[in-house]
Amino acid sequence: MRPFLRKTHLMTRLFFTHHSFSNSTLIIPQSSRSFQIPLFNIPHGVFRPNSSSGIRWFSSKSRVEAMQNLEAISYLSQREAAEVDEILMGSLGFSVDQLMELAGLSVATSVAEVYKASEYKRVLVICGPGNNGGDGLVAARHLFHFGYKPSICYPKRTAKPLYTGLVTQLESLSVPFLTVDDLPLDLSKDFDIIIDAIFGFSFHGAPRPPFDDLIQRLTSLNDYKEANQRSPAIVSVDIPSGWHVEEGDISDSSFKPDMLVSLTAPKLCAKKFNGPHHFLGGRFVPPSIVNKYNLHLPPYPGTAMCVRIGKPPQVDIAALRENYISPEFLEENVDADPIRQFRKWFDDAVAANLREPNAMSLSTATSDGKPSSRMVLLKGVDEDGFVWYTNYESRKAHDLAENPRASLLFFWEGLNRQVRVEGSVQKVSEEESEQYFHSRPQGSQLGAIASPQSSVVPGRHFLINKYKELEDTFSNGSLIPKPKHWGGYRLKPELFEFWQGQPSRLHDRLFSSL
């Protein structure tokens, strides 16, 4: 075993070129539902060859795509918004503090979705005297726990126990409360984000002191944006303060927040919002309200508490970058055995609760050097190597039959780490494959039989029908036989490279060959 060597990290810029397909088929990535289908018959869209080179994509709108069309979204009037709150806190049994907690969490997660704490750490939350202000207090607490440094301006405090409790919670975290006089007249220098939690949908009339002055200070930040100078991102909770709930900025105040977080459902004034980020929060609307008001709202992804409305803003790909902040990864701290070092990092990824820490990119190549990569799942690692399971009739299996060498890449984004492993590959024993196959859930066993990986099928319906047939066949609980074309591979490592992201692209890369 050779000692670890440090490698220089060279960042390169990738340029994507336009390629034509050699035939009219599309391979679906093998990490999920793995099959090949004609390009002329793709669910939710149609591929059509261009007369020159490459392809054109004509997409029919899925539900999510339809929700990006703002005209497809439901908007509530002021009266309807008040009615929804009454129903939630009446017959449906919600309390004010429950709704406030969910709303504030939605605001905090929306902020974190766009403005990372590593770059937008200093947050000022301006809270009004009502429920909107309470949402801001809750959001500030969650942002504190997300790694931000919030400060609160709460000029007209509400004496009710709910609000005093929220203040106490923030004070226990040493979150500073600032008076209006404490705030600088120019808010552009001291804060990275300003959350406008002043007025909600129940507000009407003209803002009164001191909130009129605070809104004016927020509006004055537009001058910096127009001059392309850095200024705090402004996030409005449910309604941009001072706007008419239904008609928008009728006073022509020119208050233009960068983000609007609509709660429960967007209010009519949100149609006039032209900022780059519009999110919906408040994942608590029951079907009875959806049906009563015929609401059309975007689906929340996974377990998220917020969802984007409309298309994300156009970005300059070349300008996308993260400045990694990590502990140093020094030679004297690395285990001499790279397998043990890998297990340490893998255990860290599991402890950090990262999603699928065993996901890895598997790269193979044909005998004449044509490469391909796909995501697979690591299912075992020991001194003999890294194990995964797959279909022996897939493209990667054909590659490995011709050229039994491969590369694995693990990327743990939450820890700024990646590990690259190269080596020779061979199949695991039939006994080992059999044992693992029968340890899998029944659905996964049936899926391995139903899916002819990397081959052409008529469409998704083919897989569903095949799967249902197998479900019926084995509904009596009998043993499901492992298909002969399914089993495991083991990569015997010959080279390891451990990468730890560092500031200014001065990354740590430690290399070891066996």
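Cβ from N, Cα, C; glycine included.
Listed in TrEMBL:
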type	residues	note
BINDING	Asn131, Asn132, Gly133, Gly134, Asp135, Gly200, Phe201, Ser202, Phe203, His204, Gly205, Ala206, Asp238	(6S)-NADPHX binding site
BINDING	Asn132, Asp196, Ser241	K(+) binding site
DOMAIN	81-317	domain 'YjeF N-terminal'
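Where TrEMBL records a feature, it is marked here on the structure.
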residue: Asn131; record: (6S)-NADPHX binding site; Cβ within 10 Å: 23
residue: Asn132; record: K(+) binding site; Cβ within 10 Å: 25
residue: Gly133; record: (6S)-NADPHX binding site; Cβ within 10 Å: 27
residue: Asp135; record: (6S)-NADPHX binding site; Cβ within 10 Å: 33
residue: Asp196; record: K(+) binding site; Cβ within 10 Å: 29
residue: Phe201; record: (6S)-NADPHX binding site; Cβ within 10 Å: 26
residue: Phe203; record: (6S)-NADPHX binding site; Cβ within 10 Å: 19
residue: Gly205; record: (6S)-NADPHX binding site; Cβ within 10 Å: 6
residue: Asp238; record: (6S)-NADPHX binding site; Cβ within 10 Å: 29
residue: Ser241; record: K(+) binding site; Cβ within 10 Å: 25
Alpha-carbon distance [Ser241 (K(+) binding site); Phe203 ((6S)-NADPHX binding site)] in Å: 9
Using a 10 Å cut-off between Cα atoms, which of these binding-site residues sit near Ser241 (K(+) binding site): Asn131, Gly133, Asp135, Gly205? none
Could you round the CA separation between Asp238 ((6S)-NADPHX binding site) and Asn132 (K(+) binding site) to a whole angstrom and send it over? 8
Quick one: largest C-alpha distance among Asn131, Asn132, Gly133, Gly134, Asp135, Gly200, Phe201, Ser202, Phe203, His204, Gly205, Ala206, Asp238, binding (6S)-NADPHX per the record, in angstrom? 21
Other than Asn132, Asp196, Ser241, which residues of the same chain sit close to K(+)? List them in sequence order, counting a residue when its Cβ is within 8 Å of the Cβ centroid of the site. Ile126, Gly128, Gly133, Gly136, Ala197, Ile198, Phe199, Gly200, Ser236, Val237, Asp238, Ile239, Pro240
In this predicted model, the domain 'YjeF N-terminal' (81-317) has a mean pLDDT of 93
